[in-house]
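Annotated features, as they stand in TrEMBL:
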TRANSMEM  29-51  transmembrane segment
DOMAIN    41-308  domain 'G-protein coupled receptors family 1 profile'
TRANSMEM  63-87  transmembrane segment
TRANSMEM  107-128  transmembrane segment
TRANSMEM  149-174  transmembrane segment
TRANSMEM  194-226  transmembrane segment
TRANSMEM  247-270  transmembrane segment
Amino acid sequence: MWPNGSALGPCFRPTNITPEERRLIASPWFAASFCLVGLASNLLALSVLAGARQGGSHARSSFLTFLCGLVLTDFAGLLVTGAIVVAQHAVLFDWRAVDPGCRLCQFMGVVMVFFGLCPLWLGAAMASERYLGITRPFSRPAAASGRRAWATVGLVWASALALGLLPLLGVGRYTVQYPGSWCFLTLGAQPGDVAFGLLFSLLGGLSVGLSFLLNTISVAALCHVYHGQEAAQQRPRDCEVEMMAQLTGIMVVATICWMPLLVFIAQTVLRSPPAMSPTGQLSRATEQRLLIYLRVATWNQILDPWVYILFRRAVIRRLHPRLGARPRSLSLQPQLTQRPTVQ
């Protein structure tokens, strides 16, 4: 409970925004269009994935499983958070009157953290899978790749949900954020708020850093195979290059969309003197920056499916026809040559 004498739940901080200002900032048409474009993009990616999963190697099947988990996560995130935000923007309901017990706010806070971290962690899991597949192709049983990929996706979902539930257990708090249409972690100076804010930022940032490191090594390995002495006998297959192009695109999108918000959260909770007053007030500049960075981060859910759609071999060959003329390649794995038998 904030020390402001309010009998409402702990998710309400003092705000000085008028309904007219909220109406100018929160456009229901923009929010609805944003969500519809994102949902349509992810549905299109799912339909393309359904066709791509027919046949193919075990490595590609495992990679497509991770992609399917990523697209499903982005789709569900836009659907759940978009429904709340669009409804709030359309009717401009007073959160204090609709949710005095903060249950809806806590639900949205959990959802925001869950769907924020899942794409970053899934990107790191995909980078790890491709790193092992390229640099150590014999270290894993191929038959179990699909089951292992779905188990990893489930583990990521469970871990992100567990982290999102921490404020409900007393570590951190979810509060209504400017302009009063969404809930997120609190950028306060209390130990729980600082710990949860740093945990969210560090785990997200470390996953982006791990993806960058492993993807760099994997791309370097592919380049070495292309230009090495055994390039003519041991070229990467087209699908391996395609997977790395898609994964690199996903990493770049996640970095551009999420790193500003993650860095901002860490800087704000560590600021001295604290950015938030004892009564729970943030400066208007801080609130506006948080809203801008959050909107930039949500673009990740729209751009992810288009990275997969546009970075497919069929599209790349149309843009670069010379790639289609390259002789069909074999595999990264050493091939066993057969000696001719004497008849």
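Backbone N, Cα and C atoms are what each Cβ position is placed from, and that goes for glycine too.
Computed over the domain 'G-protein coupled receptors family 1 profile' (41-308), the whole-number mean pLDDT of the model equals 86. When Cβ-Cβ distances below 8 Å are used as the criterion, the transmembrane segment (247-270) is approached by residues 63, 70, 116, 119-120, 123, 126-127, 130, 185, 187-189, 193-194, 197-198, 200-202, 204-205, 208, 211-212, 215, 218-219, 286, 289-290, 293-294, 296-300, 303-304, 307-308, 311 of the same chain, each at least six residues removed from its ends.
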